[in-house]
Amino acid sequence: MRLRLEKRAAPSAAMRWAAPLMATLLMLVTGMLILVLLGKAPGDAFRVFFIKPLASVYGIGELLLKTTPLLLCGLGLAIGFRSNVWNIGAEGQLTIGGICGAGVALAFGDTESSWLLPAMLIAGVIGGMLWAAIPALLRTRFNTSEILVSLMLVYIAQLLLGYLVHGPWRDPDGYNFPQSRLFNDWELLPLLWDGVRTNIAFLIALLLAALSWLFTAKTYAGYRMQVAGLAPAAAAYAGFSERRNIWLALLISGATAGLAGIAEVAGPIGQLQPQVSPGYGFAAIIVAFVGRLHPLGILLGSLLMSLLYLGGEQAQIELALPSAITGLFQGLLLFFLLAADLLVNFRITGSAR
Amino acid sequence: MSLDTWIAIFVSTVVAATPLIYAALGELVTEKAGVLNLGVEGMMLVGAVVGFIVGVNSGSLVLGYLAAMLAGVLMSLVFGVLTITLQANQVATGLALTLFGAGLSAFVGRSYAGQPIDGADALHIPLLSDLPVVGALLFQFNALVYGSIALFFAVQWFLSRSHAGLRLRAIGEAPSVSHAIGHPVQKTRYRAVMFGGACSGIAGAYLSTALTPMWVEGMSSGRGWIALALVVFATWKPLRVLLGAYLFGGVTVLQLYAQGFGLTVPSEFLSMLPYAATIVVLVIICRDPKTILLNQPASLGKGFHPDA
Amino acid sequence: MTDSFPPTTSAATPGSAPRLALRGISKRYPSVVANDAVDLTVQPGEIHALMGENGAGKSTLMKIVYGVTRPDAGTIHWQGEPVTIDSPAKARALGIGMVFQHFSLFETLTVAENIALALDHRAAPSTLDARINEVSERYGLPVDPKRLVHSMSVGERQRVEIVRCLLQAPQLLIMDEPTSVLTPQAVQTLFGTLRRLASEGVSILYISHKLDEIRQLCDTATVLRGGRLAGTATPRLEDDAGLARLMIGSELSPCQLPPKQPGEIMLELTNLNLPSSDPFGTHLQRVDLRVRRGEIVGIAGVSGNGQKELMAALSGECLSPDVGAVRIGGQPVGRLGPAARRRLGLGFVPEERLGRGAVPAMSLSDNALLTGAATAPAMLRHGLVSRRAARDFATGVIAAFNVKCGGESSIASSLSGGNLQKFIVGREVRLDPQVMVAAQPTWGVDVGASQMIRQALIELRNRDVAVLVVSEELDELFAICDRLVVIAQGRLSPSRTPAQTSVEEIGSWMSGGFIAAADAKQEVRDAAAA
């Protein structure tokens with residue numbers, strides 16, 4: 001008796017959605033196992049990681065706060081991934097979005113004005129799009145892999161941010177700390193309700209999730225991009241422009257990442273610092289996959305990923321574990337998902353031999 | 001500038017290029033078998049942290065390197081099981097490996113951050129090392145530097161001269177044809193992936209024990225990705241990998257000597273150079289699609305399942 | 001034994017055990033039973049045909065014999081001994097060689113490297129070259145060991161495959177549809193080689209669905225139908241009708257092409273020159289072609305002579321630098337992409353069904369949108385797609401073309417080749433084209449579906465559509481075309497009606513026989529112009 005893989009006649013729709021749940025479960029089990037091996041009581045660890053962060057209104061607010069950039073980046077990336085455009089540099093586009101939005105604030109923010117905040121957001125979006133336009137241009141003009149280019153641009157963006165906060169944009173009254181001046185109230189995104197740090201960007205992200213569903217499910221452009229992802233030769237046969245798809249995919253994901261960046265800077269951070277994201281742009285890649293590239297799935301995926309961030313912070317405080325455990329869990333989640341995806345296209349059968 | 005400065009630039013170029021040589025040659029062999037493993041960065045980080053920890057605790061760098069290779073192989077096996085046996089998408093799995101490696105290495109290495117280690121010493125080769133100029137230029141490196149050159153010759157010979165290398169290249173070109181004439185596609189791909197893992201592991205350990213003898217979270221800072229780009233830049237040829245690595249090594253050390261050249265550019269911009277250079281180099285190589293089509297293993301990135 | 005040539009005597013003695021005997025071989029795939037309790041016996045020195053139409057299970061059975069695929073049930077006897085063939089290496093060790101239909105050669109490697117890869121005993125390159133030359137001379141199969149495979153024609157590649165097999169001194173040689181890539185003249189040369197091998201005691205298993213070839217060449221035939229054994233026959237004693245009955249269970253009804261006066265020119269190529277984007281491709285040179293309303297023009301040729309490039313130039317996937325070189329309905333379209341050409345009335349059935357003609361992972365109704373959205377206004381409004389219109393359209397195609405599937409929401413990859421092709425042809429036909437281009441419309445399709453597809457093309461012609469068909473099956477082209485042209489080395493021959501020409505003339509044109517004459521004519525014209 002040995003196990004064999006047998007290709008299914010058609011991919012299983014049920015498995016497509018069961019796989020992320022299985023992956024989450026497997027991640028939980030493995031995660032608990034790791035914690036037990038490190039000498040933590042499993043009940044304790046579970047409580048600290050997954051219950052404690054949600055035990056207060058403030059905690060829920062934090063959950064939604066961290067969900068926002070993940071959701072924004074994940075939505076944009078998913079549109080690209082559906083069409084086989086692998087923008088993995090959302091972290092860089094997010095950084096540039098933060099820089100551009102903050103630049104507007106630092107240049108014009110000294111006097112209160114109602115157009116300032118919208119202008120900051122727009123600048124963030126444009127910044128993200130411009131940064132994503134580089135891999136788009138190089139891929140369409142010079143056939144250069146958008147994976148490598150967008151990733152290299154992450155490092156460049158972070159160094160640029162470092163230069164700005166160490167140099168020209170450093171707060172002159174900031175005791176030489178590498179950070180910009182604190183933003184004024186009118187430069188900050190309004191909070192949703194008192195006592196939490198969740199801001200209006202969360203609502204914008206929800207709205208964009210609905211729009212992205214409309215885009216992928218209803219529009220011809222969304223259909224064309226999906227064909228390009230599933231069968232590039234069929235897209236060429238039908239006459240769908242590869243160039244247009246690449247541009248669209250990168251500009252959309254750049255825009256949402258840029259928005260996420262300025263929403264962080266003009267939200268919970270409130271100034272420009274050497275680091276504006278703990279890797280949301282990369283975690284969003286996992287979010288997009290776990291969410292099956294579907295807006296609703298991505299919303300759920302970003303909630304889960306946000307919880308992992310909060311749990312990691314909590315574990316650092318209460319269990320004296322390095323917060324890097326979040327990254328470990330994220331990686332495990334994606335591995336398990338990729339493994340479980342096997343069941344979408346294959347069936348495991350036992351054959352006596 | 002003095003002769004000594006030029007010698008120092010040359011030496012640090014070679015030193016900076018060495019991890020790229022290991023990682024890129026490993027990836028080259030993996031890709032020649034038709035497998036695109038984007039997890040080099042993650043495997044390097046795990047190699048770096050494991051090499052460091054074992055090196056510190058055992059007091060033996062050799063053990064550290066062996067452990068780092070083993071760690072790289074284990075990481076690559078995760079990738080192999082997912083993509084070769086379980087048919088997962090290679091791009092997605094490679095990204096997962098990088099994210100996982102970053103998390104894992106940060107997690108295990110937490111308590112070792114900032115600790116010192118006795119780094120790899122330069123070999124002292126009797127007579128040769130004492131030669132004027134030439135001795136300082138060529139014969140005062142640590143063993144891993146010479147190892148990288150040996151690895152280059154080994155890979156070059158394997159791919160172009162050995163029968164096993166021919167079979168590996170054939171699998172990278174057309175796995176279904178290889179399967180039809182009875183070559184073990186999956187097994188060969190596993191071996192190639194594991195070889196890539198071992199090379200990335202040692203490249204990582206080189207970072208944490210030789211280049212900057214300490215462990216810092218995320219210390220590979222994109223070198224794994226640059227190694228991937230190098231393979232494309234080299235159009236999948238070992239000699240060009242070697243030359244490309246030295247070119248990048250040179251770009252990397254430029255920032256250290258920039259002031260000596262009278263450059264007053266902010267350090268961040270100098271640090272951007274390797275990344276910017278990677279992009280430029282990719283553009284130059286890729287702008288004619290035929291260059292890539294003619295050189296890239298035809299099945300690169302595509303899974304293969306014997307029954308499908 | 002690896003160094004000796006095929007044994008010439010003892011194996012063929014009467015009364016000895018059969019060379020190969022299969023009993024009760026079965027192989028199931030998730031959606032299809034490929035072989036169901038199949039028996040097959042091959043004697044020493046016999047040329048044995050394995051017949052059956054597309055999808056009958058011939059290739060699966062041969063893969064089992066060659067150790068590429070493992071059977072679910074059944075036994076294999078070799079020279080009277082029961083054996084398990086679990087890998088091609090094992091098959092080769094027993095003395096079984098196979099020439100694949102889709103060649104198992106590595107394009108970027110040389111002939112010698114390709115042969116070395118398949119030899120189970122490592123050979124030094126120097127002696128290998130000598131052995132290759134020896135075998136190729138002995139059997140009249142000229143190959144150059146140093147050449148790169150991608151620079152070779154399909155016929156030459158087949159010779160490499162045969163030489164590679166012969167170097168192993170096989171006692172059984174399996175040939176999978178070997179003539180589909182050959183000109184009629186080259187087929188005769190191949191038959192000569194095979195007869196010679198058989199006379200030396202080598203058994204040949206010859207897989208084909210071409211009745212006349214089987215009658216010419218084979219001593220015995222085993223016929224498969226729907227994965228089961230349909231019977232055995234002695235081909236020389238049967239006529240086409242009898243063999244066809246055995247193979248498909250009914251008689252072939254010939255296509256009817258009612259006489260018709262062609263109308264205005266709808267598709268026109270004028271002096272089209274186009275370098276291939278594929279580094280191993282064929283460049284199109286000075287291609288002239290006219291297709292009129294109400295006629296079917298057929299393009300014959302051995303694959304790899306520019307068909308792919310010509311199709312891309314017609315569909316718009318590859319743009320022509322000269323805008324006037326391609327015209328649809330009189331309009332210059334050289335710089336227009338596929339969607340724009342489609343709006344001018346072009347229908348297109350590509351050679352590759354799954355992945356080009358249809359998106360494998362999408363439903364049939366979503367696949368209706370693939371070309372429908374650009375041409376059928378109901379399916380696309382203000383940038384939004386109408387899934388309902390797509391569903392209705394797909395349902396219509398399924399009904400009209402008798403596509404066997406689970407409805408319009410079935411995934412394209414779950415359909416059999418024949419049914420998917422019927423869907424694609426049906427989609428293109430029902431989008432109401434003025435010009436229809438079909439590449440290999442019946443390749444690998446079962447007889448019933450082929451018949452239906454040919455009939456659909458003829459009906460288009462009868463409705464005054466201009467139809468262009470590219471095919472490697474000469475019989476098919478002679479049956480359904482009003483005019484024939486030949487493509488060879490990226491050049492197009494003058495056109496002939498089937499009545500004006502013969503298989504021999506077309507065959508010699510397929511190996512480039514028309515090019516010298518065309519060049520001479522061109523020179524005269526150039527001189528006159530100067």
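Note: Cβ is positioned from N, Cα and C throughout, glycine not excepted.
Database features (TrEMBL):
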type	residues	note
TRANSMEM	B:6-23	transmembrane segment
TRANSMEM	B:35-56	transmembrane segment
TRANSMEM	B:62-84	transmembrane segment
TRANSMEM	B:91-113	transmembrane segment
TRANSMEM	B:133-159	transmembrane segment
TRANSMEM	B:192-216	transmembrane segment
TRANSMEM	B:222-239	transmembrane segment
TRANSMEM	B:246-263	transmembrane segment
TRANSMEM	B:269-286	transmembrane segment
Interface check, the transmembrane segment (B:222-239) with the transmembrane segment (B:62-84), three or more C-beta pairs under 8 A:
no
With the transmembrane segment (B:62-84) as the reference, find which of B:6-23, B:35-56, B:246-263, B:269-286 contributes the most Cβ pairs under 8 Å.
B:35-56
Take a look at B:6-23, B:192-216, B:246-263, B:269-286 and tell me which one has the most Cβ pairs under 8 Å to the transmembrane segment (B:35-56).
B:192-216
Test of understanding: applying the rule of at least three C-beta pairs under 8 Å (pairs 6 or more apart in sequence), is the transmembrane segment (B:246-263) touching the transmembrane segment (B:6-23)?
yes
So what's near the transmembrane segment (B:246-263) in sequence-distant terms, Cβ-Cβ under 8 Å and 6+ beyond its ends?
1, 5, 8-9, 12-18, 20, 226, 230, 270-271, 273-274, 277-278
